[in-house]
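Features as listed in TrEMBL:
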type	residues	note
TRANSMEM	10-28	transmembrane segment
TRANSMEM	34-57	transmembrane segment
TRANSMEM	64-85	transmembrane segment
TRANSMEM	91-110	transmembrane segment
TRANSMEM	122-142	transmembrane segment
Amino acid sequence: MRFAIDSGKLLYALGVLFAAAALLYFVRDVVFNLSITVKAALLLLGFIALFVAGVALERDVLDVVAFALSGVTYVVFVGYVVVRYSPGETGTFLLLAASAGLFVGLGYALRAGIPTPSRRTAAAALGGLLIVSAVLVGADALSGGVTYDVQTNESVTVSVPETRQGGGGYPPVSRQIGTVTASNPSPFLRALNPPSVSSCLVGPAENPREDVWVDVDRDWDEDTLAGSTTKSYAITGEFRLDTNRTGQVTFAIERGSDCSVVRSEPTIAIQIDGDDSLD
């Protein structure tokens, strides 16, 4: 049995697949440093532009390719909005239902034979969409991204809870040792990615197994910051102290030092990712 493969259609299909991969890479927030709002708007404008191109094209198969690219772009747009804006179950349902109605309506219009725009009209429409896209990207770039200001305490005093003293082991004791303030000066929703922090104990220690673990205290799913918003997050240190320690111990907090430094007093050496570029 022989299969006839149209080489042109095969290449078109590969083009659509690579376009889908490019769109998925685009929404991963690893290129162009655009805000979430502008990325979503560009996807929607891309959908409209490709649909207009599909209506205007008269060459065989190219219109189908344009419609396929338009549909893929819209699917990525909807997925991106659901993931990044978290509209909830009701919001997601309404978005999907509206999308279904939109495509049924567009399909009906095409089957009914909507007028094919002239090349000049299509070019004007695409040019307008391009101008809107450029304005959005320019406004995004000029408004600035999220900035982070990290402040640490000079010292922290901790002790083993009375109920755990002498019981053996290294129970966790949490204390706030600083704050991270995230500021989004732009009117657009942006990705939230506070600098990572790490730490170690240096200086004299009664027990070498005592340790501290430092992290920025925020919800695990909190990954966006609304436009024109400032939020602060606690930097929390979780200390593992020997239960045989009966008194309080004060740790100096030193930022920017590594674990090889030598100190005469118990010290928490904190390393902050990208410290040189932070406010």
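Residue numbers in this text run from 1 along the chain shown.
Note that Cβ sites are derived from N, Cα and C of the backbone, with glycine treated the same way.
Comparing 10-28, 34-57, 91-110, 122-142 for CB pairs under 8 angstroms to the transmembrane segment (64-85), the maximum falls on 34-57. Counting same-chain residues at least six beyond the ends of the transmembrane segment (91-110), those with a Cβ under 8 angstroms from any Cβ of the stretch are 51, 55, 71, 74, 78, 81-82. Using a Cβ-Cβ cut-off under 8 Å and counting only residues 6 or more beyond its ends in the same chain, the transmembrane segment (122-142) has close neighbours at 34-35, 37-38, 41-42, 45, 48-49, 52-53, 55-56, 186, 188.
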